[in-house]
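Sharing a structure, written as structure tokens. Questions coming.
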Amino acid sequence: MAKKKRGGPAGPRPFWSGTLAFGLVSLPVGLFPAHRSKPVSLHMVDEKGTRLARRYVCSKDGKPLEWDQLIRGYPVEKDRFVTVTDKELDALAPEKSQEIDLKRFVPVEELDPMRFERAYFLTPEKGATKAYRLLARAMETTGRAGVATFVMRGKEYLVALLSQGGILRAETLRFEDELRTPADVGLGDPGSPATAAVKRFQSALKPLRAERLDEAALEDRESQRLIKLARRKLKAGEDVLGKKRQRGARKTGSGTSSSPPDLLETLKRSLKEGLEPQAPAPGKKSASKKTASKSAARKKTARGKTAGKGAALSEESREALYRRAQARDLPGRSRMSKQELVDALSE
């Protein structure tokens with residue numbers, strides 16, 4: 001029996017949890033993104049390696065604006081807007097629900113892939129595996145896809161439920177007004193080409209035919225080249241900005257750092273340094289006390305400001321807090337609860 005690994009990274013958490021409902025059947029499920037974030041992302045930094053923050057500025061005078069000065073406006077004509085408040089947006093939002101409401105089952109070929117926007121895996125919650133497998137098998141053998149609606153982050157989505165290899169997948173669908181037609185881009189009736197010309201093209205395609213898709217052809221080579229470039233420059237010490245975070249690096253006699261220390265040992269030393277009180281230097285007692293007093297006062301003031309800000313943020317809806325987090329580009333915001341958003345925005 002294989003031993004379970006301990007201390008490894010926790011598995012992914014569901015992006016959304018709720019119930020898949022149709023007729024008298026209710027199936028508890030979790031929703032996981034079927035994609036990963038791009039492995040490579042570049043951040044905007046200054047010449048010292050400090051990350052830059054996004055700010056809104058007035059396009060006329062360049063004056064930076066605080067969050068409470070921002071107003072949402074629906075454009076009605078050039079330079080004219082109808083303003084909409086957070087409260088009005090919350091009133092327009094669909095009623096909160098933890099249910100994927102399956103409306104109907106249609107033939108899979110009726111779903112145009114152009115409508116597919118984002119893919120998610122549906123996983124059965126505890127005790128629902130048997131019903132999940134039955135539904136997946138029934139959909140796959142009949143060639144049917146479910147069409148459903150559900151609410152996520154205060155927005156209603158139209159989704160298609162597909163079954164492949166016993167796994168249910170949800171594809172969020174684009175609405176009708178989001179799609180262009182061939183006529184919109186100037187494509188008229190293609191007509192019917194001559195049979196002889198079609199056969200010539202079929203012959204030209206034969207050398208390029210393959211029975212299976214080569215997944216190696218789908219690799220992101222540009223990202224791989226960027227990663228190699230960054231690693232090579234880091235190893236050579238070229239164009240590296242910012243201070244190295246690792247503490248406790250060993251020094252050689254010439255003052256240059258030797259090979260990196262063991263990470264566990266570095267962590268132990270860091271914890272020891274943080275927990276053991278340092279003896280004050282002789283003749284510096286009064287200065288140390290004064291400094292500590294000032295530091296404590298500053299921390300107390302900062303805590304007071306943070307608490308006041310947090311109280312104000314707590315009165316806002318999660319949707320409004322999420323929009324704030326988007327404006328500040330807070331990492332991990334999509335998985336945060338309301339209180340976690342309040343805490344992160346209060347910092």
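Numbering starts at 1 and runs along the chain as displayed.
Cβ coordinates are placed from backbone N, Cα and C, and glycine is handled just like the others.
Heads up, TrEMBL stuff is auto-annotated, nobody curated it.
Pulled these from TrEMBL:
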DOMAIN    62-190  domain 'Ku'
REGION    238-263  region 'Disordered'
REGION    275-347  region 'Disordered'
COMPBIAS  286-303  compositional bias 'Basic residues'
COMPBIAS  315-341  compositional bias 'Basic and acidic residues'
Which residues of the chain, 6 or more past the ends of the compositional bias 'Basic and acidic residues' (315-341), have a CB below 8 A from one of its CBs?
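Distant contacts of the compositional bias 'Basic and acidic residues' (315-341): 13, 15, 53-54, 56, 67, 70, 86, 89-90, 93, 153-154.
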With helix taken as DSSP H, G or I, strand as E or B and everything else coil, how many residues of the domain 'Ku' (62-190) land in each class?
37 helix, 57 strand, 35 coil
Helix, strand, coil: count each for the residues of the compositional bias 'Basic and acidic residues' (315-341), based on DSSP.
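Residue counts in helix, strand and coil order: 18 helix, 0 strand, 9 coil.
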